[in-house]
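> According to TrEMBL, the record shows the following:
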- C224: active site, nucleophile (ACT_SITE)
- C113, C114, C196, C199: [4Fe-4S] cluster binding site (BINDING)
- 28-202: domain 'Phosphoadenosine phosphosulphate reductase' (DOMAIN)
Amino acid sequence: MNETSEYEIRLANTVAILEKIASEFTPAVFASSLAAEDMVLTDLILRRQLNIGIFSLETGRLHKETLAMLDKIRATYAVDIQLFKPNLAAVEDYVRQHGINAFYDSVDMRKECCRIRKVEPLNRALKGKKAWITGQRRAQSATRTELAVQEDDVAHAMQKFNPLADWSEDDVWHYIRSNNVPYNALHDKGYPSIGCEPCTRAIQPGEDIRAGRWWWENPESKECGLHVVDGKLVRIKAI
Ligand code: SF4
């Protein structure tokens, strides 16, 4: 079996998963970070007009290149991505008590910032849904090597799907280039992984894909805390 046919099989599997979600798990939503993987899923969902909502967490600390993706998506697909923003009072409290960039001070301060700017808005976005979708891939980091395509998200009481779990970085870029999918300009500036501006940096050739995210922390800490309940990491059961 050659490389192209393996890619085609992965693509067909991903389309089948998305169609299954759209028919069996409504209402379902896709959480887009506006990075390359998420543009693959956005393209697959919108071109097929699948019944899956798309939203993004507008943390208030995103790069201008990431925010520009919203206009690029509107221009390409005539669709507005729904934005969920943090509670303003919670952001103001955090900044007043700890400072605007306190996430550099400790893992706890970083997780509290992520809780306010990402976790709480995510919980709002997922309310009342049967399933949610991410663009996470196993090859992205040490914390994702066991990522399953379908997981039982106990914390959110719904199914979580990662339809690109077995895709390689080459697969992602092959899809984007062969389908003229718009992508975040940061990828051409050495950013394989896209997050908030102060917590994301470009990486050098040969560095781990996630090395540019929260680079001052240990690799085991490098997740958004999007599955944290009452301050504890909640494990998600693979299906
Ligand atoms: S990634 Fe950084 S700026 Fe963004 S919510 Fe987390 S700690 Fe805050």
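The backbone N, Cα and C atoms fix where each Cβ goes, and this holds for glycine too.
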> Check the DSSP secondary structure of C199 ([4Fe-4S] cluster binding site), expressed as helix, strand or coil.
helix
> For C113 ([4Fe-4S] cluster binding site), just give me the three-state DSSP call.
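Going by the DSSP assignment, C113 ([4Fe-4S] cluster binding site) falls within a helical segment, counted as helix.
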> By Cβ count within 10 Å, point out the most packed of the binding-site residues listed: C113, C196.
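Answer by Cβ density within 10 Å: C113.
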> Which ones in the same chain are close to C199 ([4Fe-4S] cluster binding site), with CB under 8 Å and 6+ residues apart in sequence?
R61, F103, R110, R213, W214
